[in-house]
C-alpha cells in the first residue's frame, strides 16, 4: 500500500485556520503547570524505567564477562567500549534527528509524514550501519596495529563479529522507539523492554556457559535481546492496533528517498552532538591511564562512568519526552504550550540535579564500595563522587535543554554547544588541572564540571532567552509542509505539490514568517 499523500494537516488549516499547523495565539491556550507535569511524566516515567532496564542488560553482560576470566573480561570490555563508540552512539544519535519530524508531524496530524519519516530513518540507519559493520569485521587487526595485546584483541574481535546482528536490530529499534514515543506510546515500550531483558539473563546463561560460546555468547545474547525488543514492539503494534490511525502503509521508494537529504540535515547534527558528549567519557578514561597508579585511576574512572550512566537514565528520558512534547505542540500550532512544556521540564531537571548532588555527597564511599573493595580505587572514586554530583546539577538541565532543541528542529545548535563545552573548555581544564597543576584524578572531573557549566549556560541561553516560540511554530509548519511537498514531487503529483504550497501568514508582532528550517 502506497502512502496517498493526503496532506491532512494543510486541509485542516484551510478549515477555520485551527489545528494541523495553524499557529494559535489564543491567550487561553496556556496550560497549568500541574497538567503539563502529568503529561510530561506520564511519558517520562516509563522511558526512565526503560533506560534502567537497558542499563541492567549491560550490567548482566559485564557480569557474565567477569565470570569468563581476566582475558575475556578485558577483551569483552574493550569491544563493548569500541562498539558503543563506533556503532551504537552513532545510530542512537542519527535516530535522534527523527524526533522533531515525528513529533511535529504527529502534533499537526500529518500522519503521512510520520510514516514516511519512520521509513526514511530505518533506511538511513541501515545505510550508516554498513561501514560500521565493515569496521567491526576488522577490529582485531586494527587493535593489534594500535599496540593492543594480541590475545585481548582476538577476544575483542570475536565479540565484535558476533555483535553484527545487533547493528541490524538497532537500525530498526531506534527509529521505532522515536515513532512510538512521538505518539505518547511509552508504557508498552517499557513493558516490551522489560520482557526482553528478563529473557536476556537465561540467554546469557545458555549461550555463554551452557553452549560454551564464551565472549561470543555475550555478544550474541545482546543481539538477540535487541531483536526480541523489535519483535515485541512490532507484535504490540500489530495486535493492539495502537498505530492504525498513524501508519499509512509502505511508501513508494521514490517518496522515501526524496526526503532522505532533509532527514540527514537533522540527523547528522543530532548524531554529532550525542557522540561528542558520549566520547568525552572515553577521553577521560584514556587520560586516567597517564596518571600515577594508572590501574587505580582507570578503575575509579570506570566506577564513576558507570555511576553517571545510571544517573543519566532520568534526564535522558526527560529530554526525549520534552522533545516529543515540544514537537507535538509546535506541530499543532500551539507555541504557548510548547514553551510551557520546555519550562516545566527544565524545572524538573534542576530538581533531579539537586537530588544527585545530595546523594553523591552523602553516600560517596558506600556507593563506590558496591563496585569494588580495592582501597586505592575506593579512595580516588569516593573523593571524586561529590564533584560528579555537582556535574549532574549542570548535566540534567543541559540534557533536557538539548531535548528542547531537538524538539524545535535545532540539533545543530546543541552540537556546536557540546563541541565548545566539552572539547574547547572541558578538555583543556581537565588536562591542565590533572597534569599541569598536579591535582591528579580529581582534576579530570573538575574538567567535566567546567564543561557542564559552560554547556548548561549556553543551552539555557539558546532555549530560555533566545527562542521565539511563535516563530518556531511557523518553522514546524514549514518543515512538515516541505517534507510532504518533496514526497509529492517524487511521486510525480503536480496537483498535490501546488495544493501544499501556501504562504505562511506571520503572527501578530512578527514581520518574517519564512525562515530556514535547518
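Please read every residue number as a count from 1 along the shown chain.
Cβ coordinates are placed from backbone N, Cα and C, and glycine is handled just like the others.
Looking at 82-102, 376-396, the stretch flagged in TrEMBL as transmembrane segment turns out to be 376-396. Of the listed segments 343-364, 475-496, 497-518, TrEMBL assigns transmembrane segment to 343-364. Within the listed segments 121-139, 140-158, TrEMBL records transmembrane segment for the stretch 121-139. Beyond its flanks by at least six residues, the transmembrane segment (192-213) meets 49-50, 53-54, 56-57, 60-61, 64, 67-68, 162, 220-222, 224-226, 228-229, 232-233, 236 of its own chain at Cβ-Cβ distances under 8 Å. Within the chain, the transmembrane segment (260-281) has long-range Cβ neighbours (under 8 A, six or more residues past its boundaries) at 84-85, 89-90, 92-101, 117, 120-121, 123-124, 305, 308, 402, 406, 409, 411-412, 414-415, 417-419, 422-423, 426-427, 448, 451, 482-483, 486, 518. Across 121-139, 219-239, 301-322, 376-396, 417-437, stretch 417-437 shows the highest tally of CB pairs under 8 A with the transmembrane segment (443-465).
Across 121-139, 219-239, 417-437, the stretch most heavily in contact with the transmembrane segment (159-180), judged by Cβ pairs under 8 Å, is 219-239.
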